[in-house]
Amino acid sequence: MSGGKYVDSEGHLYTVPIREQGNIYKPNNKAMAEEMSEKQVYDAHTKEIDLVNRDPKHLNDDVVKIDFEDVIAEPEGTHSFDGIWKASFTTFTVTKYWFYRLLSALFGIPMALIWGIYFAILSFLHIWAVVPCIKSFLIEIQCISRVYSIYVHTFCDPFFEAVGKIFSNIRINMQKET
């Protein structure tokens, strides 16, 4: 196990479990962890979640915050009975609340599994395919740029210098005839 450390937005330090003997990359892993005792260290995979504020980064503020008043409105002069309005409000609110709970109970865990797999694949591809491809491309481009630079300095520079010298001696005299 590694001793990788991560800090979240609240300043908590997370780490994967630390072995007593360390590992081949960080043999003094346990000693390093004890030095950081002033910060509370959490396991990255068992991070405590907030059951009250479930959208701490406000991802869905503009999208799914739909209340009864956002969907159904009666303008002045066109009002239903007060009892109907109250019953409609209650029906809408309770139906939305419980149907969301039903859908999340049925599909929440399977969707979390699917999205977990998707983002794991995405992370894997980024780490093991995209970044190495970009790095190799940059290495190849650097090699090609050196060859291109030699070509330009060998062939193009002398040619354009010669053309520049040819045209540098051209003089234009304008005279007005009377």
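The backbone N, Cα and C atoms fix where each Cβ goes, and this holds for glycine too.
Listed in sequence order, there are no same-chain residues at least 6 apart in sequence whose CB falls under 8 Å from the CB of Cys133 (S-palmitoyl cysteine). The annotation S-palmitoyl cysteine is assigned in Swiss-Prot to Cys133 (among others) on the grounds of experimental evidence.
Neighbour list (Cys143 (S-palmitoyl cysteine), Cβ cut-off 8 Å, at least 6 residues apart, same chain): empty. Residues or ranges marked as S-palmitoyl cysteine in Swiss-Prot: Cys143 (among others).
The feature S-palmitoyl cysteine is assigned by Swiss-Prot to Cys156 (among others). Using a 10 Å Cβ-Cβ cutoff, Cys156 (S-palmitoyl cysteine) registers 10 neighbours. Secondary structure at Cys156 (S-palmitoyl cysteine), as computed by DSSP, is helix.
Taken from Swiss-Prot, the feature phosphoserine covers Ser2 (among others).
According to Swiss-Prot, the feature N-acetylserine maps to Ser2, an assignment based on similarity to another entry.
If you look up Swiss-Prot, you'll see Lys5 marked as N6-acetyllysine, on the strength of similarity to another entry.
According to Swiss-Prot, the phosphotyrosine annotation covers Tyr6 (among others).
Under the heading phosphoserine, Swiss-Prot lists Ser9 (among others), citing similarity to another entry as support.
Residues or ranges marked as phosphotyrosine by Swiss-Prot: Tyr14 (among others).
Positions annotated as phosphotyrosine by Swiss-Prot: Tyr25 (among others).
Residues or ranges marked as phosphoserine in Swiss-Prot (evidence: similarity to another entry): Ser37 (among others).
What Swiss-Prot records for 2-94 is region 'Required for homooligomerization', and it gives similarity to another entry as the kind of evidence.
Among the features that Swiss-Prot reports, region 'Interaction with CAVIN3' is placed at 82-94, with the record citing similarity to another entry. Through the fold, the region 'Interaction with CAVIN3' (82-94) approaches residues 67-68, 71-72, 74 of its own chain, all at least 6 residues removed from its boundaries and within a Cβ separation under 8 Å.
The feature region 'Interacts with SPRY1, SPRY2, and SPRY4' is assigned by Swiss-Prot to 149-160.
According to Swiss-Prot, the topological domain 'Cytoplasmic' annotation covers 2-104 (among others), on the basis of sequence analysis.
Look at Swiss-Prot and you will find 126-178 (among others) tagged as topological domain 'Cytoplasmic'.
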Query raised in the report: In the region 'Interaction with CAVIN3' (82-94), how many residues does DSSP put in helix, strand and coil?
Result: 13 helix, 0 strand, 0 coil
